[in-house]
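Following: one structure in structure tokens, then a few remarks.
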């Protein structure tokens, strides 16, 4: 991984040590090149790259699709429950190092079922790792994402296959999402499967307004009726939409280094996060696919603080937003925010 490094300022150091939540992380996107090669060897999978360095050199993306092509190739090494456990535990270690005390994690079952790996195998491995993480003080939820470049019929079949798992793991597997290639695949394409998930009382999220237009965010809100919008950075192009997001407190799970790496913005100083924050939108900072985009949660905070010249109060608000927007009980939310406040305002609020 080519890590984005910024010399920590006192605010960055305070942020690094602060308890945080991550709300936009694709577990398959945390698969580092070293682990890809280790799993390939363990499982006898032939990779298109002859070395870790050659694979890392291929991480030169021009847009979302060029990233997705290599992302799916990397996931090909995941075959057995232990593989999903190992991948998830590696992410957990990164969270613990970054003081991420709560994470809501996406996984893409269709990436695996099309290779003959049952959803139950995927979830069992991830769940076992997340149960171990809880013993170390990190809580988590799991969100099943549909691949939007595939058909809604495929998504509906995936949802039906996963129904027993939503019951078996109801403490953890609490929602559905929508990811993969955004262009040409509007949220409206998945209205039926989201209605089924909503009828079960599941939480709903969707990627919208990363490469897609503001109209995709409206569709996510009005047709899918999402609880959170993933990315959403192009909402700034529609003032009425920004006002609606701010008034409704529907959070945006923003991923700054991902946006930079995928050329959503050609420079982090041009990122819309601060403008959205200034207008009252509940923005959060997340890593997306950290193994591919050069940074886990703290690296995203450091780069964003530096590029957008965020101040103490703004960073506190962003971190607090991550807890406010999380899918936990009100009691858990209060506990999480209390931990943040104890760190951020050790002598009490000013």
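Here the Cβ of each residue, glycine as well, is placed from N, Cα and C on the backbone.
With 24, 26, 288 listed by Swiss-Prot as binding Zn(2+), the candidate from 102, 112, 207, 345 annotated for that site turns out to be 207. Within 10 Å of the Cβ of residue 289 (substrate binding site) there are 24 other Cβ atoms, across all protein chains.
Residue 231 (site 'Important for catalytic activity') falls within a strand when secondary structure is assigned with DSSP.
Within 8 Å of the centroid of the Cβ atoms of 24, 26, 207, 288, where the record puts Zn(2+), the same chain has further Cβ atoms from 25, 29, 106, 179, 230, 231, 253, 255, 258, 286, 289. Ranking the recorded positions 24, 26, 207, 210, 231 by the distance of their Cα atoms from the Cα of residue 289 (substrate binding site) places 26 first.
Sparsest Cβ environment among the recorded positions 210, 288 (other Cβ atoms counted within 10 Å): 210. Of all the Cβ atoms in the protein chains shown, 29 others lie within 10 Å of the Cβ of residue 207 (Zn(2+) binding site). Distance from the CA of residue 26 (Zn(2+) binding site) to the CA of residue 210 (active site, proton donor) is 15 Å.
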